[in-house]
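Q: Submitted below is the structure of interest, expressed as structure tokens.
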Ligand SMILES: C[S@@+](CC[C@H](N)C(=O)[O-])C[C@H]1O[C@@H](n2cnc3c(N)ncnc32)[C@H](O)[C@@H]1O
């Protein structure tokens, strides 16, 4: 393990760190000091630090909606000087940042396009460790779960104000919760007595509502509900849907975008979008692509890549990851 990777507050090695660099290496290397990489989920800055180290000429734009993450990562990456720029935004603000943001790195990005991009989706271990933010269900904490603690609704707001149908939909769609309807009914009953404020009451309700017999197979009874509330609070699938065309539009020829998904919903969105981008628009049956219909992208990964057994043993957070990468092979105006 390199020395720099174990330093810092949240010092473990980021998920599939070396593979992420390998996926970007050829083109970023070729681009030399014209290479701009977008790390759209900066977090603790682990991947960004690795990119800045192994690609000594490249610049990195790091995005995060969490200002604590930006501050900590900014300190960690300060030694790279003007090769790094941190921007606080939801990542689907990317097109706007690229169009109107100020600074040398953004000027370079506008001139050369983006040579590499990484989306390491979801919450960071740093966020999970900050008990007061309410992401973890094992400790009693405010039901907040906002990655950007300065705006938007909290998990408590959802539980206290959504209709029965909407709570059930959120739990079913984003948590694959079999007992979504039952849980929604219990939430509505409980909130009549007193609004929800902290997590322990919700966890207790889940223990009471989910049949004990299903717990053996389903993991902790709060896991799916907490995941679903987090996805809803942070509009996670909405920002992913929005950013897919933004980042692929911004790639230069040879540039790659890599997505690390930890939930099947995320991976499905990425997979569907990649399939669309890499499929010819020529009607089936014709021997050659009609002008303007050939795909301008190719899939780099075959199916989804996963972390090695050894990495999962070392870092269980890597277990669910599914990695897909896409590469631009032609300009929008070509063929
Ligand atoms: C899994 S962590 C990234 C860890 C990072 N790769 C590292 O090496 O430290 C995900 C980070 O992305 C941020 N994030 C998640 N969804 C986001 C979104 N839609 N817009 C902006 N930031 C987001 C979270 O706040 C969190 O800090």
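Numbering starts at 1 and runs along the chain as it is shown here.
Cβ coordinates come from backbone N, Cα and C, glycine included.
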Q: In TrEMBL, the S-adenosyl-L-methionine site includes 45, 46, 47, 64, 120, 127. Which of 55, 91 does it also list there?
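A: Site partner of 45, 46, 47, 64, 120, 127 for S-adenosyl-L-methionine, according to TrEMBL: 91.
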Q: 45, 46: which of these binding-site residues has the highest Cβ count within 10 Å of its own Cβ?
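A: Within the set of binding-site residues, the most crowded position is 45.
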Q: Which state, by DSSP, holds residue 45 (S-adenosyl-L-methionine binding site): helix, strand or coil?
A: coil
Q: Taking DSSP as the reference, which of helix, strand or coil describes residue 91 (S-adenosyl-L-methionine binding site)?
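A: Note: residue 91 (S-adenosyl-L-methionine binding site) is helical by DSSP.
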Q: Would you count the other CB atoms within 10 A of the CB of residue 127 (S-adenosyl-L-methionine binding site), including those on all shown protein chains?
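A: The answer is 23.
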Q: I need the most crowded of these binding-site residues: 64, 120. Count other C-beta atoms within 10 angstroms of each C-beta and give me the top one.
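A: Selected residue: 64.
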Q: State the three-class DSSP label for residue 120 (S-adenosyl-L-methionine binding site), counting H, G and I as helix, E and B as strand, and everything else as coil.
A: strand
